[in-house]
Amino acid sequence: MVLIRVLANLLILQLSYAQKSSELVIGGDECNINEHRFLALVFNSSGFLCSGTLINQEWVLTAAHCDMENMRIYLGVHNESVQYDDEQTRVPEEKFFCLRSNNDTKWDKDIMLIRLDSPVNNSAHIAPLNLPFNPPMLGSVCRIMGWGAITSPNEIYPDVPHCANINLLHYSMCQAVYPGMPAQSRILCAGIQTGGIDTCSGDSGGPLICNGQFQGILHAGGNPCALPRAPGLYTRVFDYTDWIENIIAGNTDASCPP
């Protein structure tokens with residue numbers, strides 16, 4: 001069963017490439033404090049949770065299904081119970097989405113570009129992640145991260161983000177698991193086929209970083225998390241780079257790829 005992971009069901013595809021389940025995000029280890037300077041923590045007043053990625057001082061990229069009222073975006077966070085001097089909080093000034101057509105499926109265009117109400121300052125714990133300059137390569141080892149659940153189906157949420165490695169898989173592996181996926185889409189399939197490591201509730205909108213490049217935005221995955229042969233689904237960022245760059249440059253009428 002596919003689940004759009006918004007608080008109760010988001011993904012943290014923590015697939016431990018060549019490692020055992022002692023290192024899970026439903027598995028994974030605590031992220032190094034310096035490896036997620038671009039990672040945004042997204043909340044609203046009711047506690048709805050997603051992640052996002054800072055791509056420059058004024059813009060954050062996340063999943064469209066993470067859109068909500070009263071959104072607050074936290075940057076420079078590591079331990080939710082400890083506030084660092086350089087933590088910064090912003091709210092959206094503008095939100096940009098891809099226009100959907102009648103031909104689009106639920107898998108399409110799950111991407112939201114947020115302009116912050118004021119620029120953030122780079123610091124020891126805050127720095128943007130560049131957009132990809134090459135398309136993703138099948139078989140790549142990819143990094144996932146977030147504050148999502150570390151157990152499933154009875155979710156327990158950590159105070160610190162967890163990180164793990166997964167593999168970029170052939171699209172057909174996700175087609176075989178999730179009924180109704182089209183023959184082609186702008187979705188990446190990533191995970192570990194044996195299961196045991198996975199993204200989970202609270203990780204939606206977070207980045208998939210393959211060979212050092214920001215290639216995916218967490219869209220959906222299996223429920224419960226970490227089942228065998230149930231990889232995660234990620235919006236393919238490379239396909240949207242022209243749209244993103246046009247919006248940032250002020251061309252707000254720019255169209256997304258079909």
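Note that Cβ sites are derived from N, Cα and C of the backbone, with glycine treated the same way.
According to Swiss-Prot, the features are:
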SIGNAL    1-18  signal peptide
DOMAIN    25-249  domain 'Peptidase S1'
DISULFID  CYS31-CYS163  disulfide bond
CARBOHYD  ASN44  N-linked glycosylation site
DISULFID  CYS50-CYS66  disulfide bond
ACT_SITE  HIS65  active site, charge relay system
CARBOHYD  ASN79  N-linked glycosylation site
DISULFID  CYS98-CYS256  disulfide bond
CARBOHYD  ASN103  N-linked glycosylation site
ACT_SITE  ASP110  active site, charge relay system
CARBOHYD  ASN121  N-linked glycosylation site
DISULFID  CYS142-CYS210  disulfide bond
DISULFID  CYS174-CYS189  disulfide bond
DISULFID  CYS200-CYS225  disulfide bond
ACT_SITE  SER204  active site, charge relay system
Rounded to a whole angstrom, what is the C-alpha distance between CYS98 (disulfide bond) and ASP110 (active site, charge relay system)?
8
In all the protein chains shown, the tally of other Cβ atoms within 10 Å of the Cβ of CYS163 (disulfide bond) is 22
Considering Cα atoms only, can you say which of CYS50, HIS65, CYS174 is the nearest neighbour of CYS200 (disulfide bond) among these recorded positions?
CYS50
Rounded Cα separation (Å) that holds between ASN44 (N-linked glycosylation site) and CYS163 (disulfide bond):
24
Within 10 Å of the Cβ of CYS98 (disulfide bond), how many other Cβ atoms are there?
22
For ASN121 (N-linked glycosylation site), nearby residues of its own chain (Cβ under 8 Å, 6 or more apart in sequence)
GLN57, ASP86, GLN88
Listed recorded positions are CYS50, HIS65, CYS66, ASN103, CYS174, CYS225; which of them have CA atoms within 10 A of the CA of SER204 (active site, charge relay system)?
CYS50, HIS65, CYS66
Of CYS31, ASN79, ASP110, CYS225, the recorded positions lying within 10 angstroms (C-alpha) of HIS65 (active site, charge relay system) are ASP110
ASN103 (N-linked glycosylation site), Cβ-centred 10 Å count of other Cβ atoms over all protein chains shown, is 8
Whole-number Å distance between the CA of CYS256 (disulfide bond) and the CA of ASP110 (active site, charge relay system)?
11
Round to a whole number and give the Cα-to-Cα distance in Å for the pair CYS210 (disulfide bond) and ASP110 (active site, charge relay system).
19
Measure from the CA atom of ASN103 (N-linked glycosylation site) to the CA atom of CYS189 (disulfide bond) and give the result in Å, rounded to a whole number.
21
Near CYS174 (disulfide bond), which residues of its own chain have a C-beta under 8 A away, given they sit six or more steps off in sequence?
MET181, ILE187, CYS189, PRO231, LEU233
